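Everything below concerns the one structure shown next.
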C-alpha cells in the first residue's frame, strides 16, 4: 500500500482509471494523483483480475494512491471479492452500494477496514443520507458515478447543488468524496468549485475520447494542469 494516502486536499485531485500496468505508468508519469484499476469493457464497475491489480500496484510502487474495483455484486459474493482485491495491496477498494441495507454495508466495509469506498450512481435517486449511512457502516469514502457509459455525463444527470450537497455530506461525516461519470476537461472548472477530494476520469482522457481505447498521456497532463489551476471565478 502507498504511504501517501490522504482523504483530504486543498483542491480536487485527479483520479484516472486504468486497465493495466502500462496505462498506470502513463497516468503516473503525467501526474495523476490516484491510479484506479478497472475494466472499461465491463461498465462503470468492471473488476480486473486480481493479478492485474497486483501488477498495477507494483508498477505504481507507492508513488501515487491506488484504488481498484471489486465489483457490483451483493452479499457473500461482494464480501469475498473485497477480501480478494484487498489482498493485492491496493489502497482503496470500490464497490457499488445501490440499495444495500445497513447490515450489508457494514459486512462489506468489514472486509477491508478503512479501505472501502461506496459508489452511488447518478441515474438512481442518490439519497441525502447516503454519506451518513456509509460512514456509519465503516466506509472510508463515497463517490458518485454514472452507470451508463454511452456519453451521458454526471453534470447532465445531477445539478451542481445536488453534487455540492453530496460533497458537503461526505465532509461532515469524515468521508473521502469523489465525482466521476463521463467527465471531460471542460467539466473541471465547474466541479472543482464543489471541492471534492477527487474528480475521476477515463474516457475523456483516452484517445478519441473512447474509454475502450488507450489512455492518452497528453490528455492526462492537461487534466492535471487544469486541476492545479483551480476553479475559475466565472465557473458558476
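Cβ atoms are placed via backbone N, Cα and C, with glycine included.
Among the features that Swiss-Prot reports, active site, schiff-base intermediate with substrate is placed at 38, with the record citing similarity to another entry. Among the features that Swiss-Prot reports, active site, proton acceptor is placed at 94, with the record citing similarity to another entry.
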What is the interatomic distance between the Cα atoms of residue 38 (active site, schiff-base intermediate with substrate) and the residue listed as 'active site, proton acceptor', given in whole Å?
10
DSSP-derived class (H/G/I helix, E/B strand, else coil) of residue 38 (active site, schiff-base intermediate with substrate):
coil
According to DSSP, folded down to helix, strand and coil, what is the residue listed as 'active site, proton acceptor'?
strand
